[in-house]
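Asks: Below you'll find the structure I mean.
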Amino acid sequence: MFLEKSQVISCIRYAVPLDARDGANGRTCEGDFICVRITSQPRKRSKERVLTLSSRTEMGEHLIRHGDSVKDIAFQVEDCDFLVKKAKERGAVIVKEPFVEQDSYGKVKYAVVQTYGNTTHTFIEYMGPYKGLFLPGYKEPLFKDPLLPKLPPGCLNFIDHIVGNQANDQMVPISDWYQKCLMFHRFWSIDDKQIHTQYSSLRSIVVTNYEETIKMPINEPAPGKKKSQIQLPFSLREQEYVDYNGGAGVQHIALNTSDIIQAIVNLKARGMEFLSAPDNYYDILREKLKTARIKVKEDLKILQELKVLVDFDDKGYLLQIFTKPVQDRPTLFLEVIQRNNHFGFGAGNFKSLFEAIEKDQDARGNLTTLTSDGNPKAFY
């Protein structure tokens, strides 16, 4: 396992070097499970978010059920015992009670709680200054890829948000769980009346911690004529995400950048593939911007060439783009996002995202038209 100091997701295409390995188990990332340190906001160390994992057996079971996917989203906390006590009192399932690990560099306290699907949250409390690379037991990697210095930087800063896909009618219970058990609050929401295409629609509630440094959008499906990547089980049909993921889970991870144009140019040079926006999207965008109160500083021609999406309101705008699935299943993908005084999640772009995803689904043969009673329509 390894960590990365520059706070972005790992491997050559995602622009992150390997900085540490689990010395206790003698494992590196080669042929093993990946542990990545990613912060939610660099200015608040106490609210860091860390993606980590614990054991080969645990991850083996997860991989059998879900394939390559996110198992754990961890939070660096100030008082692990207090949070576990409150979560337990409010009905949370505690997978692992608080325990301490230490080495010559310091001590760290952990606890694990169950969230949606088979996903867990690990609380990580540094008990005083920790002078090691990452966590107790981690050491310098045995091998450093010689290609990394030759590749352009990823220009990625920190995690902006992590999206969890749920089964139908599970969005509200899951968002309520975060508010009740982890003391989060609602930050943003949208329903299928606002986000839909002919074939896809979406409901979403974003929950956040007190300081609003951690954002967790919780999505669920709404009825559509065809099977959508966003949708999980609906009526008697299994949707594409649950077909391949095996249940609720993390759909995508959004990574913040200060320069999305340079980031996408560099990430494409490293081999990342991105979804393409519909051709007429930018014609419509230019017309909308003519009457907008804000001005997009970036060159729209370049944004169109890179297929970067733009969403805006009266106070600011955001730029975003989505990768294709990062593994062989059409499940987990990444987002790159740049914010310019805009704190939404691209509601105006979801329709374009749906259309791009549906185009990909159609190419895979997974876009299925339904009859009025919800059954797949036969094409013969």
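Placed from the backbone N, Cα and C atoms, the Cβ positions cover glycine too.
As listed in TrEMBL for this protein:
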DOMAIN    1-126  domain 'VOC'
DOMAIN    158-324  domain 'VOC'
BINDING   HIS161, HIS252, GLU335  Fe cation binding site
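Help me understand the surroundings of these features in the structure.
Replies: The predicted model assigns the domain 'VOC' (1-126) a mean pLDDT of 72.
Sequence-distant neighbours of GLU335 (Fe cation binding site) (same chain, 6+ residues apart, CB-CB distance under 8 A): ASP160, HIS252, ILE253, ALA254, LEU255, GLN320, ILE321, PHE322, THR323.
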Asks: Are there any residues at least 6 positions away along the chain from HIS161 (Fe cation binding site) with a Cβ closer than 8 Å to its Cβ? List them or say none.
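Replies: Same-chain residues close to HIS161 (Fe cation binding site) (Cβ under 8 Å, separated by 6 or more) are VAL206, LYS215, MET216, PRO217, ALA254, PHE345.
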Asks: List the residues in the vicinity of the Fe cation site, defined as same-chain residues other than HIS161, HIS252, GLU335 with C-beta within 8 angstroms of the site's C-beta centre.
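Replies: Here the non-site neighbours turn out to be ASP160, ILE162, VAL163, PRO217, GLN251, ILE253, ALA254, LEU255, PHE322, LEU334, ILE337.
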